[in-house]
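Shown next, in C-alpha cells, is the structure this report addresses.
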Amino acid sequence: MALSRGLRCCQRVFSWIPVLIITAVVLWSYYAYVFELCLFTITNTLEKVAYLLMFHICFVMFFWTYWKSIFTPPATPCKKFQLSYSDKQRYDLEERPDAQKQILVEISKKLPISTRAQSGAIRFCDRCQVLKPDRCHHCSVCETCVLKMDHHCPWVNNCVGFSNYKFFLLFLSYSMLYCVFIAASVFQYFFKFWGDLPNGPAKFHVLFLMFVALMFFISLMFLFGYHCWLVAKNRSTLEAFSAPVFISGADRNGFNVGIRKNLEQVFGENRRLWLIPVFTSQGNGHHFPLKNHSSASQNPLLPNEDMWDESDDGSEEGSLEENLALERNLTK
C-alpha cells in the first residue's frame, strides 16, 4: 500500500516535467528577445518600443491561456449520474451480467443519455460508479471520468475536455502567434549576425531563438490544424479514433450540427469573447445536440429534460416502482 502511494507520488512529480520544460524554454525566450535582442542589439528606439509592446501582448496571452489549460480542473459528471444507494446495492448483489445491464438501462431512462458502449450496453464506469454521460470517458491518469474528454495532454499535465477545451485551442493559437512574431522580428537580425554584427552573447541567443521559434511553430501548426478540423466536425480526439455508438449504430458525425453551431458549442455565441480565455462554452457538458434530432427524440435512452430535472423525491419514488416491477419480472 505504501509502495503504491509512493509510486503515485513519484508519477505526479514527474508529470510536471513537460510543463517545466515548456516554461523554461519560454522564460529563456523572454530573456533572449527582451534583453539580448531589444535592449542590447536594436538601436532604433521606435523599433525597440514597437517590438517590446507587441512581444509582451503575445507573451501575456500565451501565458494566460497556458495557465488556464493547466489549472482548470476537468469537469466530472454530476450526482444525477451516480448510482443511488439502493441502485448500487441491486447492481452489486446481482450476479447475472444481463440483469446488471437491465438495471443500468432502467436507471438511464431518467438521464439524457444517447450513446452506448461498443457492445450496445449502457456505458458505466466501475471505478467512479457513474453512468457515463455522452462523450464522457475515464482518464486513467487523472483517475476520474471527464466530461467531453478529448485527451490527456502531458504538456499541460491535465485532461483536455469540456471545461478547458477552449483554453487549450487558444493556447495553441497564441503559441503559434508567439512563435511567428519572434521569427518574423528576429529574421533580419538572424542574417545580420552572419555579416555586420560582431560576435557576442547576443549572437548565440538570436540564432537559437530563430531555430526554436520555427521548430515549435511547425509542430504547433499541424496540431492546431488537426484540432480545427475536429472542432469543425464536432469531434473529440477520442471520437476521431473510435466513433460514438448510438441506438442506430456507430456514427462519427453524430454530434455534428453544422460548422457555426459546432464553433459556438466550444467558443459560445458572443464572438467578442472567442479570443479571450474565459469560459464561454455552451451547455453543461452532460448532453449535446445530435445531428438527427428526430432519431434523438425516438431514442428510449433520451427522455425530455423535464423528466431529468425532477426533484429527488420523485426520482426515488419512480425508481422504487421500477425496481419492484423489475424484481417481479426476474422472479417469473
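From the backbone N, Cα and C atoms, a Cβ is placed for every residue, glycine too.
The annotation compositional bias 'Acidic residues' is assigned in TrEMBL to 306-320. The compositional bias 'Low complexity' feature in TrEMBL is assigned to 321-332. What TrEMBL records for 122-241 is domain 'Palmitoyltransferase DHHC'. What TrEMBL lists as region 'Disordered' is 295-332. Residues annotated as transmembrane segment in TrEMBL: 12-33, 49-67, 167-191, 203-226.
Secondary structure of the domain 'Palmitoyltransferase DHHC' (122-241) per DSSP (helix as H, G, I; strand as E, B; remaining residues coil): 66 helix, 16 strand, 38 coil. Counting same-chain residues at least six beyond the ends of the transmembrane segment (203-226), those with a Cβ under 8 angstroms from any Cβ of the stretch are 25, 29, 31-33, 36-37, 41, 169, 172-173, 175-176, 179-180, 182-183, 186-187, 189-190, 193, 197. When pLDDT values are averaged over the domain 'Palmitoyltransferase DHHC' (122-241), the model yields 92.
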